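**Q** I'd like to ask some things about the structure below.
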Amino acid sequence: MSGNTLGTLFTVTTFGESHGPAIGCVIDGCPPGMGLTEADIQIELDRRKPGTSRHVTQRQEADEVEILSGVFEGVTTGTPIALLIRNTDQRSKDYGNIVETFRPGHADYTYWQKYGIRDYRGGGRSSARLTAPIVGAGAVAKKWLRERFGVEVRGYMSGLGEIDVPFVDWSHVHENPFFSPNAAVVPELEAYMDALRKDGDSIGARIDVVASGVPVGWGEPVFDRLDADIAKAMMSINAVKGVEIGAGFESVAQRGSVHGDELTPGGFVGNHAGGVLGGISTGQDITVSIAIKPTSSIRTPRRSITKAGDEATVETFGRHDPCVGIRATPIAESMLALVLIDHALRHRAQCGDVETPTPKIAGSAT
């Protein structure tokens, strides 16, 4: 398995399995001299960790992070930063019924056919448990981006199943387990999830992420375009089946006179491009949306096959999120931050001294 590293100059390599002794990552390329403690990382991990409400998996993991290297006297040294998160609440017996069968919608069948071996315990390497190290690395990236450029990366749930969640205010996001930016919708979301759990079924969600303060110029055309790398990173998150940047698929129905964001001396008029043109950041907010599929592990019996190819019926028993999207907001934020810090460093390496006579216009005309 060779696809475990994200990034070019700021790289993150994750390791571990859902029911192994620990999971973690190694960050390479973090600039030296930034203050960093385990508390800086833990605050982000606590936003993602399981067992925080009745609407998510009841697996109880503290997700306490340990910094093993790359930090001396509370400051990054420029050497690899190793983060470790120990697994403490594995319950592998819940997966005894799928040793010889494949769960529909999961990576069981594809991992088996590709590698000839699979860790059936909680999905092993393919588990969403492995998003915890991504959030840990994302905390490092967020801190550097915020301190160096004033970049803020924030996200929220904009839809759960058939329920749209209109944006009201960022202050609402941190006050409910759904990361909903609209407190008035939370009771409806709770009732929906309670009914879903009673039915033994699952549902998908939409997450929106916004990066504010990104300067013009980040991105490496043509094959390492900023939006291309964002899309790849987002599609690397478990259960993500779609990515939109800016207007996304709504662009199909828009005329050029509407979609093209006009430039004025006072700033851009509109942001249908989502803050990226030609694969390079415009200086506007970078806006990304992801579609997360329904959780494949459900109590409803589903048809499948055994390793021998015979018919089988699979009913999943473990502790699972009826909607993985509920905990996906900090994961999506982290992925965006990791792409941005990598491109910030790449831009600085090649074009950091470039100056033009053209003023940098505001992201939005007032």
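Each residue, glycine too, has its Cβ placed from N, Cα and C.
Heads up, here are the entries from Swiss-Prot:
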BINDING   Arg48, Arg54  NADP(+) binding site
BINDING   Arg125, Ser126, Ser127, Asn238, Ala239, Gly278, Lys293, Pro294, Thr295, Ser296, Ser297, Arg319  FMN binding site
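Show me how these features fit into the shown structure, please.
**A** DSSP assigns Arg48 (NADP(+) binding site) to a helix in the three-state reduction. Listed in sequence order, the residues of the same chain lying 6 or more apart from Arg48 (NADP(+) binding site) and placing their CB within less than 8 Å of its CB are Asp63, Thr131, Ala132, Val135, Arg327, Pro330, Ile331.
Under the DSSP three-state reduction, Arg125 (FMN binding site) is assigned to helix. Taking the Cβ of Arg125 (FMN binding site) as centre and 10 Å as the limit, one finds 20 other Cβ atoms among all the protein chains shown.
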**Q** Could you tell me which of these binding-site residues, Ser127, Thr295, Ser297, has the fewest other Cβ atoms within 10 Å of its Cβ?
**A** Ser127
**Q** Taking 10 A as the limit, how many CB atoms besides its own sit near the CB of Lys293 (FMN binding site)?
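**A** Other Cβ atoms found within 10 Å: 17.
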